[in-house]
Every structure is written in structure tokens, then in C-alpha cells.
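The block underneath contains the structure these notes are about, expressed in C-alpha cells.
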Amino acid sequence: MSVRSVIRGSGSALPRRAVSNAEMTTMVDTTDEWIVERTGIRNRYIAGEGETTSTLATEAARKALEAAGVDASRIDLIVLATATPDQTFPATATIVQHNLGCNGGIAFDVAAVCSGFLYALATADSMIRSGMARCALVIGAETMSRLLDWEDRTTCVLFGDGAGAVVLEAVDVDETDPKAPGILATRLHADGAHNELLYVDGGPSTTGTVGKLRMKGREVFRHAVTNLANVLKEVLETTGHDAEEIDWVVPHQANFRILDATARKLDLPADKVIVTVDHHANTSAASVPLAYDTAVRDGRIKPGDLVMFEAMGGGFTWGASLARV
């Protein structure tokens, strides 16, 4: 027997305000056809007054706890992935911890932008396997709208706000049982040589400002497809599974073209890929858990399914994780 981190439940949260492509056309020089053709996005949610990264994260966490049947008092670790914290410090995870009333455990943020949830998941998994924690909340939460240049039509139409969370619990499993639940393997990578392709042009130690998001979309697309396909293969090789065994792929919801191209490169059927980018747009670190929770709640992802999570973000950072849920 050995310890694995098992996903016990998931939750998600969205701001109140939905913004359609039609509404976007009143804000910037664009069209619904242009946005849909290039990205697949039709809608996004934008945070309003009183809605912050921590409020969205707290709501998603509460829903995940409810789905898992776990009381907040049992949570001894919160890892929150975000590029849009409420404040430079303290960590937004500590605010969520206080909101949930589970003070005293471990709580911190990780910053890997769109790959953030996978970095957070790997961190929590490692801490559970090492015995430092037994029951964890892993959260991806963003208010990306507050980093956008609303005069840059090439970027402001792509992003939205939201949060997703999962409860991870330490469980003793028989590793020889192919159906045993838990996270099987995660692989993470980064390459800072390309940080000028996707970045925010501000920060506390440089400009003293928040800054705005800047992106060179074509170059990002090229790197994304190659890196994601390679890291998925790496995880499959590590676990000894074949692509045909995967029940569902839950990718970072950046752009439908990237999702489609990556699936084609791995010969994965399109109907095995969870797609929510049309409804949520790119929610950065929130997109993977938000898509996962959507598919769990609508009945597509079921207990016992083999699920591959994957993402790539600014830095570049990228990774993939395979789990039996």
C-alpha cells in the first residue's frame, strides 16, 4: 500500500456579469465572426464591484468542499494558483483560508499563470505524499480582466474571470491495482527564454504599477501545440498508459485552435476533449479546474475515469497530470 492524492470533489465560481461577443463589439473594434473564427470564444465573465480573486476562490472552494463531503476544519493545506492576487501580499490563499475558517494549516500562492493550477496540483500532491498534509484545497482563481488593456482588441477579447477548486485527500491504495484512484504522475517544465511573448508590462520591483497583459499570439500558438503534445506524451510514458486509454483530456482553455491542434497531434478524438473556452474564454489558472468541474457536474466525467490535465502559460511554463478520478 502507498499514499496517493485522490480528488474528492470539485467546485467553481464565475462573476455575475456575462459579456457576449456582441457586447465586446461595442467596446472595441472587433466582430463576433472574427473572435469566433480565431478563438472559438463566444462569451466570458467579467468581475464587478465586490468581486475579487479571493471571493471567487472562496466560492469555488466552498462548492468543492460540499461536493467532497469534507468539512473546512479538515483542510490542512491550501495552494492557490493566481496571477491576479488581491494584494501583492499577503498570499490570497491566506485570505481564502480565513474566509473558510480553517486557520492554522499551510496556505500559499503559486504563480505560473495559465499553468498555475498544474503547478499547484503537483505541489499539493507532493506535500500529501510526503506526509506534510492530509487534506488539501487546490485552487485556480483569476480576475484577468483587471490586467487587460481594453483598447487592445487582440487581447481583451480573449480573457475572462473565474475560479475552480478541487479537494485532494491522502488515501492508501494498492499501486498494483490499475483502477486505484489518485494522481498517477505530473510533469512540469519552464523556459524563461520566451517570456517576452506573453507577459505583463509592470510589477512592484520594476514599474511600481500593475501593468497590462501583452502577447504575441502567433508565436505562443506555435510553442503551445508542440510543448503540450510533448508533455502529454511524457506523462503517458511515465505511467505506462496509452493515449487510447484516456477517458478525458481537460486542457487549459486558451483558444479552440490550440485545443484542436494538440488533440490532432496526439490522435485524440475531439469528443474526448473537454471544451469550455466558448463560454468562459481564457481564465488563466482557473481554466483547468473550471473546465473539470463543469464536466463533472454535467455528468461527462465520472468516478473511475482516467483524466489528463494539461496547460501552458506565460514564462513559458507548461505541464500535464494524469489522474484516476
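Sequential numbering from 1, following the chain as shown.
Glycine too: its Cβ is placed from the backbone N, Cα and C atoms.
Looking at 73-77, 123-127, 253-257, 263-267, the range tied to region 'ACP-binding' in Swiss-Prot is 253-257.
Long-range contacts of the region 'ACP-binding' (253-257) within the same chain, counting only residues at least 6 positions beyond its ends with a Cβ under 8 Å from a Cβ of the stretch, are 38-41, 114, 158, 221, 224, 275-278, 280-283, 287-288, 290-291, 312. The separation of His252 (active site) from Cys114 (active site), Cα to Cα, is 7 Å. Note: Asn282 (active site) has non-local neighbours Ile41, Cys114, Met144, Leu158, Phe159, Gly160, His252, Gln253, Ala254, Asn255, i.e. same-chain residues 6+ apart with C-beta under 8 A of its own C-beta. When secondary structure is read from DSSP and collapsed to three states, His252 (active site) falls in the coil class.
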